[in-house]
């Protein structure tokens, strides 16, 4: 009946439990009322008054299902009542059904949560008895005091990275940053001291910092520790992770020498724990190698929320006790890095060059090469590469998430549209009518429209994808790079269009057999072949520059 919120329960109850009668017989139904100042959550049970540690007794019947619900505790259906929502309430009424095997004395207990960090645990209610039972006397074994928490002190100086790799195992992001000098430094260190380890964690956060030991690179079944900023203090809390859900807070009895510090938006906390803690569930043996997660996020009133960016995860498993090192990590999965890189290569490099060649280089590379004009062969090769890269990149996020990502906004929807168009385009091109076929004009318009739509949607998807937590590229420059690429491509097309227009004005004879969709080629265009080749060379160099910048950023994550 203890909320796993990681906060000490209050000692003096302000809520009250009352019953409709003080005696009962098996099969009786009694009204039970929980009342008091406004509260958000509650848990109500009936226990054997002679041994409160035993299973709940009897079952409940709801009076108002809008505010309360039945729970199955210890395989006894309806043996407890709890809230249906965190809305404030001042009174709860239910019926308790006495079982045939009821003990002589039954006591009602309630846990009440006023807000996340304020709660009362096992508030004692009235004790009801069967008519012929002996008078109830309180067993000494049931009288227990709340456990006292380990003391927490205040750090006077900042953590140091001087012993990293020598005496300390350190994880730093950015790599080799110094928590003494850099406020943006995320720092986690482990220092062995005989049979215990001293942990230091530091980073810019107004909410919480946390780290976890894990057997794999996925959240779930992990040994985690959280430092939470609340009311100008820091609460240090061990916890464990069960899947991709809110961490479950554990007892602080396993931690010693806890200390913290807040200064200039930087949170620092430290504690000591034994290397091996046998018999304590969810605390890992640190003589084994683990992946290490380092995360930060928002907190409100002691409650933590999902991390604001993907956790930093070490590249491999490490033994933090026996081999001091200085390591870094990545906030992005290799699969997501590959997804972003392949999509950027496809829709910034290969498709863009392929479009320019088909639009402006037909008279430049008109010689036959393997049965087709050279421009067509290059265009087809680049477009097939685009489709192949898109198909490969499309599959990778599904492998990473194990399904659809509902938290990725519009990006996956746009990606699916791009994928469909990338597959239909080469299929449509395979059925291209002959040059003078009446259906050729319809094909040209359809092929151009689908290709243009795919390019526009792909660029929009890349703009959205760069800001997702899975590939959270650093700083605003990522947007400038994409804007620069779009401006670079549009500018190149405008230059080539103006050049083609000027050449067409010089020509006196139009070659009707070479009039194409959205443009007219003239005999005079042959004079500008060298200019077009120079523009294409410069354009490719620019594209490669944008590509290198993007890939370098991905590799640095």
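Glycine is no exception: its Cβ is also placed from the backbone N, Cα and C atoms.
In TrEMBL, annotation is done automatically, which means it is predicted and not curated.
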When you get a sec, could you say which of 320-340, 341-361 is annotated transmembrane segment by TrEMBL?
341-361
From the ranges 432-451, 452-471, grab the one TrEMBL calls transmembrane segment.
452-471
Per TrEMBL, which of 281-300, 381-400 is transmembrane segment?
381-400
Can you name the far-off residues of the same chain, 6+ from the ends of the transmembrane segment (341-361), with a Cβ under 8 Å from a Cβ of it?
375-376, 378-379, 382-383, 385-386, 389-390, 392-393, 396, 418, 451, 454-455, 458-459, 461-462, 465, 485, 489, 492-493, 496, 500, 519, 532, 536, 539-540, 543-544, 546-547, 550-551, 554
The transmembrane segment (452-471): which same-chain residues, six or more beyond its ends, come within Cβ distance under 8 Å?
309-310, 332-333, 336-337, 339-340, 343-344, 346-348, 351-352, 355, 397, 400, 408-411, 414-415, 417-418, 421-422, 425, 478-479, 482, 486, 554, 557
Give, as a single whole number between 0 and 100, the mean pLDDT over the domain 'Reelin' (1-145).
87
